[in-house]
């Protein structure tokens, strides 16, 4: 058993960041931008690459407005045309791939036709795998200029192996998301200790990390940054918007959007190896407003951290207050 698993496990609700002296007059002075790959984005946040969260139209809007995105991989036959469409619009292309044999043919096709996406994410539930490592090496050989993220993983060993194979970033989180039931179906995962897993992985990482799953509040973004995330992937908080692909449903006068996990029966179209579920999330209006609110809250976080940009958050002190943060808010 590895020594780091003897440390105390904690998650987002268990942590509070400790304020430092503020050095800016207004939170508007705080810079929330982050460089990821060759590009700089407004905030360190990316909607989850799930079919109920992202589609072509939203990807276009995000890219046009300075946000990072990752297109899902559930219509594989459309991906090459998606890359072409984004490039025709003068925008960056960011796609997902799996590890099936057909994906190698797809990578060969992209290389041959010189349809080169700026970003690729290898999207596998258990990313610490010989087959993911094989795919990393293949993509970096065929598409060396593409920024490659691989995941999902949960341990420092996984970070080291995927980075050593050539991954430019790794994605941390096995089953902590609201629509994921991996921890219930398999007994494995980072549900309940996602933030601690991120902390452990960050100690081994030499390249960027994406924290994926378990985000319930905007303040969790700052906590993710504190514990090593360059980007924070969010599903359920983004699924309820006008621009979200899920169907809009009204129940007793209240509006909801459909949201489902990538390994759900809805996504797979069959009851086979299901590790996700479907749910309804409250309708939240335009995603523009949510992204603006996230940026403003992150600016406030920077001001509390006593700095002018995200780097200040990475070095603040923190306290563990087991399950007591929201006692006064319930």
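Glycine residues also receive a Cβ, built from the backbone N, Cα and C atoms like all the rest.
As recorded in Swiss-Prot:
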ACT_SITE  180  active site, thioimidate intermediate
BINDING   209-232  NADP(+) binding site
C-beta crowding around residue 218 (NADP(+) binding site), within 10 angstroms: 19
Those residues of the chain, 6+ apart, with a Cβ under 8 Å from that of residue 230 (NADP(+) binding site): 34, 36, 44, 169, 208, 209, 210
Cβ contacts of residue 224 (NADP(+) binding site) (under 8 Å, same chain, 6 or more positions away): 44, 195, 198, 211, 215, 232
Three-state secondary structure, residue 212 (NADP(+) binding site) (per DSSP): strand
